[in-house]
Amino acid sequence: MIGKLKGSIEEIGADYVLVDVHGVCYVAYCSARTLSKIGSVGEAVVLFIETYVREDQLKLFGFVSALEREWFNLLQSVQGVGSKVALAVLSTLSPSELANAIALQDKTMISRAPGIGPKVAVRLVTELRNKAPAFAGDASASIGLKQELGEGVASAPVADAVSALTNLGYSRDQAANAVAAALKNGGEGGDSAKLIRLGLKELSR
């Protein structure tokens, strides 16, 4: 089984990269996010690999980090999510954004990925909410917000407040941190408008 490829980029396609490793070229299917990060033809590349072996085919999937590869596998543990849909999710959301969305039970965020309908989005945020922290990577904001909310799922006002702050130009992590601080400082039980106001106050400090 192939776990990692180190070589040079021979070709980049719409959904794959051809990697030359000492004269042997490997096709690795990747998310759009990965393809945007690996560089140009002729440059050196290192990819973490997930190998799929079927009766009639062998496919390699490439990732820029081991964390992204773990998310690829975790996503496919949910019914209705195969390799193609998992790559679409990782093309749309970074691992930290994905961890945030699951911690916040943000189905709308998940549904931005092609191939993810409402039912699959619900299954993703429900089935992965207890697994996501282990795969959060640098998504400390989502973990902090989840701790403020306790073991329950994020309320609609919380998700709306985070979404509103990101629409104002703040990063997902900044928004989640601000809402977590707002909840801690007296915003618990408030509506989205109150959380947005308190969140903006936190961000202005």
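The count begins at 1 with the first shown residue.
Each residue, glycine too, has its Cβ placed from N, Cα and C.
Quick look at what Swiss-Prot lists:
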type	residues	note
REGION	1-64	region 'Domain I'
REGION	65-143	region 'Domain II'
REGION	144-153	region 'Flexible linker'
REGION	153-205	region 'Domain III'
Inset, instruction - Report the DSSP secondary-structure composition of the region 'Domain III' (153-205) as helix, strand and coil residue counts. - result: 40 helix, 0 strand, 13 coil
Legend entry - Three-state composition of the region 'Domain II' (65-143), taking helix and strand from DSSP: 51 helix, 0 strand, 28 coil
